[in-house]
Amino acid sequence: MSVGILGAGAFGTALAISIASGRTTVQLWGRSADDMAEQARQRRNPRYLPDAAYPDTLHPTADLAEALGCEVLLLAVPMQRLRDVLRGLDLPPHLPLVACCKGIELATGLGPVRLISSLKPNPAAILTGPSFAQDIAKGLPTALTLACADPLVGTALQHKLSTANIRVYYISDTLGAELGGALKNVMAIACGAAIGAGLGDSARAALLTRGFAEMQRMAHHMGARAETLAGLSGLGDLALTCTSELSRNFRLGLTLGRGESFDKGVTVEGAATARATLDQAKTHGIDMPITQTVVRLLDGTDLHKAMDDLLSRPLKEE
Ligand SMILES: NC(=O)C1=CN([C@@H]2O[C@H](COP(=O)(O)OP(=O)(O)OC[C@H]3O[C@@H](n4cnc5c(N)ncnc54)[C@H](OP(=O)(O)O)[C@@H]3O)[C@@H](O)[C@H]2O)C=CC1
Ligand SMILES: O=C(CO)COP(=O)(O)O
C-alpha cells in the first residue's frame, strides 16, 4: 500500500508520520523543493513539527508525480488553497481523494468534498475529527471520521488509513462531516475570545453549546444527518478546539478577546469560514448569531459591545 499526501504542513506531516510508522510507503509532497530537500536531509519537518522524526518509509518530495503514483491521495492544504491545488493536478481516474482540511470556501460556500467533486470525477472523501497534529505525531491515541458517499471506497479507506494511534470510523454523510469540521473552528474563535476577554468558563460553555445549536441548524437545513454532527467530526472536534490552547482558532479568539494582534501567517480556517457561513446563513434565512458575532469581532467591533448585542437579543425557547 502507498499513500500520497499533498501539503507538508503540520497536519500532512503528522498523518504521514503515523501512516508510515506502520511501514506503509508515504510520499509527502510539499511545494518548496528546498524545504522538502531539507526534510529529506534532517528526516523531520523543521518548520512545522521539528520534534517528530520520520520513519524510514516516509519520503519527502517536491515531485508531484511521486505522490500521484500512490493508491490513495490525501489533500492536507488549507481550505482556501484547495481549489488552486486541485486545478493543477492531472489525476489517474480512479485515485481516491481524501480531503484533510476543515473549512468552507469563501468564494463558493462549498466544503472540501463538494469542491473536489465539482472539479474532479475521482471518488472523494474527507478525514476529519478531533486531532492535533502534535498529538498524532507523538503517537498519542486519536479517533477520526472518514466520510465517503460510496461505502465500498469508504470502508477500504477506513482500513487503509487506520494506524496504531489513529482509529478511523466510517460514515457515508460527507456533508455532515465537512460542516462539523468547518463550523467548529468558528465556535472556537468565539470561545477563545470569551476566555481572552476574561468572561469566564461559564460563558465559554454557553458559547460552545449554543454554537453547537447553530451548527446543527445549518447542517439540518443543508440536509446533513443529525448523528454526524453529534459525532467525532462535529461535537468531538468542537469540544477539543473550544477548550485547548493548542488550537490556532482558539488562540486567534484569545488575541481578539485580549485586544492583541495575531500572526497572519498562521493557518486559521475559522476566519474565512465564518464569513462564508454567514453569507450562506443570510441566503438561507438561518439564524447564526454567534457566527455573526465572530465576523463582527474579526471586523474590529469591540468585544464587549458584540457580547452585549449577543446577550440582549429577544429571549426564546432553547
Ligand atoms: N494542524 C492540525 O492540528 C490540524 C489541521 N487540520 C487541517 O489541515 C489543514 C491544513 O492545516 P495545517 O497542516 O495545520 O496547516 P499548516 O499551516 O501547518 O500547513 C499548510 C501547508 O499547506 C501548504 N500550502 C499552502 N498553500 C498551498 C498551495 N497553494 N499549494 C501547495 N501547498 C500549499 C503550505 O505550504 P508552505 O509551507 O510552502 O507554505 C503548508 O505546507 C487545515 O484545513 C486544518 O484545518 C486538521 C486537523 C488537525
Ligand atoms: O482541527 C484541529 C483539531 O481537530 C486543529 O485545530 P486548529 O486548526 O484550530 O489548530
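The backbone N, Cα and C atoms fix where each Cβ goes, and this holds for glycine too.
These numbers come from a predicted model, not from an experiment.
What TrEMBL records for K184 is active site, proton acceptor. Its own atom aside, the Cβ of K184 (active site, proton acceptor) has 32 Cβ atoms within 10 angstroms in the protein chains shown.
Following the DSSP three-state reduction, the secondary structure of G7 (NAD(+) binding site) is coil. Non-local neighbourhood of G7 (NAD(+) binding site): W29, G30, L74, L75, A76, V77, V85, C100, each in the same chain, at least six residues away, with C-beta under 8 Å from its C-beta. The annotation NAD(+) binding site is assigned in TrEMBL to G7, A8, G9, A10, F11, G12, A133, R248.
For Y48 (NADPH binding site), the Cβ neighbour count at a 10 Å cut-off comes to 21, with all displayed protein chains included. Annotation comment: TrEMBL describes F11, R31, Y48, K102, A133, R248, E269 as NADPH binding site.
Sequence-distant contacts (6 or more apart, same chain, Cβ under 8 Å) of K102 (NADPH binding site) comprise M79, P112, T128, E178, G181, A182, K184, N185, D237, E269, T273. The annotation substrate binding site is assigned in TrEMBL to K102, R248, N249.
DSSP assigns S131 (sn-glycerol 3-phosphate binding site) to coil in the three-state reduction, outside any helix or strand. The C-beta environment of S131 (sn-glycerol 3-phosphate binding site), restricted to residues of the same chain at least 6 apart in sequence and closer than 8 Å, consists of T142, L144, I166, L240. For K102, G129, S131, K184, D237, S247, R248, N249, the entry in TrEMBL reads sn-glycerol 3-phosphate binding site.
Look at TrEMBL and you will find 3-150 tagged as domain 'Glycerol-3-phosphate dehydrogenase NAD-dependent N-terminal'. Averaged across the domain 'Glycerol-3-phosphate dehydrogenase NAD-dependent N-terminal' (3-150), the predicted model reaches a pLDDT of 98.
The domain 'Glycerol-3-phosphate dehydrogenase NAD-dependent C-terminal' feature in TrEMBL is assigned to 173-300.
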Practice task
Provide, as an integer number of angstrom, the distance between the C-alpha atoms of A8 (NAD(+) binding site) and S247 (sn-glycerol 3-phosphate binding site).
Solution key: 18
Fill in the blank from the handout: Across the binding-site residues (S247, N249), the Cβ with the fewest other Cβ atoms inside 10 Å is that of S247
Practice task
Select one residue from R31, R248: among these binding-site residues, choose the one with the most other Cβ atoms within 10 Å of its Cβ.
Solution key: R248
Handout entry: Length of the line joining the Cα atoms of N249 (substrate binding site) and G129 (sn-glycerol 3-phosphate binding site), in Å
Key = 15
Exercise for the section: Pop the Cα-Cα gap between Y48 (NADPH binding site) and A10 (NAD(+) binding site) into the table, whole Å please. Expected result: 5
Exercise for the section: Consider only the recorded positions A10, G129, K184, D237, N249: which of them have a Cβ under 6 Å from an atom of ligand 1? Write none if no residue does. Expected result: A10
